[in-house]
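Q: One structure, pasted below without further comment.
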Amino acid sequence: MPGRISVQVLKVALPSPLRRLFDYLPASTVPVCGWQPGLRVRVPFGRRDVVGVIVELAEHSDLPFSQLRAVSETLDESPLPEDWLWLCRFAARYYQHSLGDTLHHAMPARLRQGHTMAGRTQTLWLAKGEGTEDTLSRAPKQAELYALLRQHPHGLPSRAISAHGFGRDQLLALEKKELAISREVILTAPSAPTGSLLATPSLPLNREQATALAALHEKLDGYHPCLLEGITGSGKTEVYLQLIEAVAGKGKQSLVLVPEIGLTPQTLARFRSRFRVPVVALHSGLTDPERLDVWEAAASGRALIIIGTRSAIFTPLANPGAIIVDEEHDGSYKQHDGLRYHARDLAVARAHYHKIPLLMGSATPSLESLHQALSGSYRHLRLTQRPSRHPPAKLELIDLRHQRRQGGLLPDAIKAIKSTLSAGKQVLIFINRRGFAPTLACHACGWMAECGQCDARMTLHRQPALLACHHCDSRRALPDACPECSSGDLRALGSGTERTEETLQTLLPKTTIHRIDRDSTRRKDSFEQVLKEIQRGEPCVLVGTQMLAKGHHLPHVTLVVVVNADGGLYAADFRALEHSAQLLEQVAGRAGRAAHPGRVLVQTLHPDDPHLGQLSEHGYGALARNMLEERRIAKLPPFCFMALLRIESPNEQAALAMAQQAAQALREWLKQTSVATRCLGPVPAPMERRQNRYHLHVMLTADKRSQLHPAASWLVQWLEANREARKVRWSIDIDPQTLA
Ligand SMILES: Nc1ncnc2c1ncn2[C@@H]1O[C@H](COP(=O)(O)OP(=O)(O)OP(=O)(O)O)[C@@H](O)[C@H]1O
Ligand SMILES: [Zn+2]
């Protein structure tokens, strides 16, 4: 084409697992802002049309230009927010994931589908001066555009101009001839409230809360990561609220992350009732257009307080002031498939990028964060008392050995439940197994119901009656007789929530029993309904899984019973103890939070276990510091860094062969380079067969993160280039949270 000096190539990230960009030629219509990274485009990809994001502009391509296809359509008038692009690039690099897939995952569904965004500002074009037929006679397209602009004396948005088939070149030509002028208009002015930010006054802080808040106030204008280690019910939320108030007072935004089960209407109501500025929430109940609205409100700076679960970390912020991560230890911050990111860790990166404070709060901090706080990398803030004055109850261990149980409950526990109810209070029974019983067994021959597709037993359910595998969700009818020996003596082994509920109904016929687990709360809102009823305060028993254990303020509960505390004590996963201790402490923290002191009974087969003993005597804080010492000695995270390669296939041999080759190749590469990373395995995953697929692990560990990433990156590239690897499924998990 005459006059064109360098043809640009657009490097576009596409929703593909491939860790590379794709080259396209620019479309003939130049977007009004010019070609820029961050613009969404629609491009032909294979036989489909897909939405991608321009990531780089280049002058050359490795492919001959004749083979490049052109962008079909530009979807944005201006690039997607810069901070969002930065975060996606960071996450893709850090987690060794495809950038296209990361961008795709991190944008609202509407944008993914190619819908346009309203944007914060709009460029309006107006006709100017008196253009005549003569001045534009040699440029008919410009003449047409000029006529169009004249028909719209209030201006035309650039999108409408493109829709009429005009391009940037024509607009700029008119502008040069002083026949057109552009004007930026702000569509949604930030709604800065006049007067007080608060709808209800904040609480007067106790000394510890005030100290914590003062420390945060000291450094509102820079990167300032803080761990707020505050026992359950110590008023961490009040500190968050007052930090948000300070940040909003400066006209800046706060992004608040909460765990998946923590974003209840109660939590939202607590934030909303405090502030006069709108609090926007990102949760699973939103429709796609609503989600896009929240995104735009945050990206434009219109929303000052944004609260959401894991994926909310990808919300763009026009005016970031602080990030808060509530219950920072919570497992739901880690995504377990696709882009395996940890929202708390991305929050750290993001706060650093924006140079803003980051407040991570928990009664049971992760050992990672605690280590950072104890070693001085994070500011360590502590709350050791409850405003209600009742300290969290000590765990009373009761011995499960040699005692008869009913519905999993020991006589002492049943006695305590009865006396709590007759005192007019509520009881919470925590049992980490849904269903009726963990399995069905034959008393004659010892047969147990096993899943045909997984190395796991099937759970017995009564409502409705069936056997279900909790790993692959396969279901089977209950057998009438033992499939091995035909005996009719089949019995439920152990207790799940349904069985405990049933037993309690018989023992306490006049008491309301609420069962709360994934089965009982499948219907939307049913959990909410039950929570509302519980808040009314009538004596009742709640039987539930960890859905009940965290975050809820249950003021009338004074007794907590843990049916079995032993799950994490002797598990293979080195994090199991940490997670199980966190859960126990959180459950225990539901007791006695208001006017009355609480009691926590913990049933265990290992009443002499030293870790359990320390938890019950001195609380999570003491145990956590002890566990950190053990990790230091064993050189486990946070004293080393890990990446886990998972390989799976329906063909056991194929999975094993690939895992061996990958490990071997990596070991050789490590020998040749000076990268200080160790490669362990392959080993079978703890549950090797799941849904008829065989799972193998190769583990990478390094003392320094700077040594881990090059090795992980090399391995990923090796796998991507390896044709054999396409026959299996593989994924890399940086900082894996479980070894499952
Ligand atoms: N300074 C205060 N004065 C009086 N009451 C307070 C104060 N701070 C918090 N509270 C009250 O104490 C209770 C517990 O506070 P909050 O829910 O904030 O604790 P938390 O540490 O966030 O709890 P969790 O253990 O669930 O994480 C709430 O009812 C709250 O209103
Ligand atoms: Zn199964």
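Positions of Cβ are set from backbone N, Cα and C atoms, glycine also.
Summarising the annotation, TrEMBL assigns Zn(2+) 1 binding site to Cys442, Cys445, Cys482, Cys485. Annotation comment: TrEMBL describes Cys451, Cys454, Cys469, Cys472 as Zn(2+) 2 binding site. What TrEMBL records for 217-383 is domain 'Helicase ATP-binding'. Under the heading domain 'Helicase C-terminal', TrEMBL lists 477-634.
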Q: Using the Cβ centroid of Cys451, Cys454, Cys469, Cys472 as the reference point for the Zn(2+) 2 site, which residues of the same chain not in that list have Cβ within 8 Å?
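A: The answer, listed by sequence position, is Gly452, Gln453, Ala456, Met458, His470, His471, Asp473, Ser474, Arg690, Gln691.
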Q: Compare the Cα of Cys482 (Zn(2+) 1 binding site) against each of the binding-site residues Cys451, Cys454, Cys469, Cys472 and report the nearest.
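A: Its closest listed neighbour, by Cα, is Cys451.
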Q: Within 10 Å of the Cβ of Cys482 (Zn(2+) 1 binding site), how many other Cβ atoms can be counted across all chains shown?
A: 20
Q: Give me the Cα-Cα distance between Cys472 (Zn(2+) 2 binding site) and Cys485 (Zn(2+) 1 binding site), rounded to a whole Å.
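A: That separation, Cα to Cα, works out to 27 Å.
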Q: Rounded to a whole angstrom, what is the C-alpha distance between Cys445 (Zn(2+) 1 binding site) and Cys469 (Zn(2+) 2 binding site)?
A: 22
Q: Out of Cys442, Cys454, Cys485, which of the binding-site residues has the smallest number of neighbouring Cβ atoms within 10 Å?
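A: With the binding-site residues Cys442, Cys454, Cys485, fewest surrounding Cβ atoms within 10 Å: Cys485.
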Q: Could you tell me which of these binding-site residues, Cys445, Cys451, Cys469, Cys472, has the fewest other Cβ atoms within 10 Å of its Cβ?
A: Cys445
Q: To test your reading of the Zn(2+) 1 site: which residues beyond Cys442, Cys445, Cys482, Cys485, same chain only, put their Cβ within 8 Å of the Cβ centroid of those residues?
A: His443, Ala444, Gly446, Trp447, Pro483, Glu484, Ser486, Ser487, Asp489, Leu490
Q: According to DSSP, folded down to helix, strand and coil, what is Cys469 (Zn(2+) 2 binding site)?
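A: SS state of Cys469 (Zn(2+) 2 binding site) = coil.
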Q: At the Cα level, what's the spacing in Å between Cys451 (Zn(2+) 2 binding site) and Cys442 (Zn(2+) 1 binding site), rounded?
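A: Between the alpha carbons of Cys451 (Zn(2+) 2 binding site) and Cys442 (Zn(2+) 1 binding site) there are 16 Å.
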Q: Which secondary structure state does DSSP assign to Cys482 (Zn(2+) 1 binding site), in the simple three-class scheme?
A: coil
Q: From Cys442, Cys454, Cys469, Cys482, which binding-site residues have a C-beta atom under 6 Å away from some atom of ligand 2?
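A: Listed by sequence, the hits are Cys454, Cys469.
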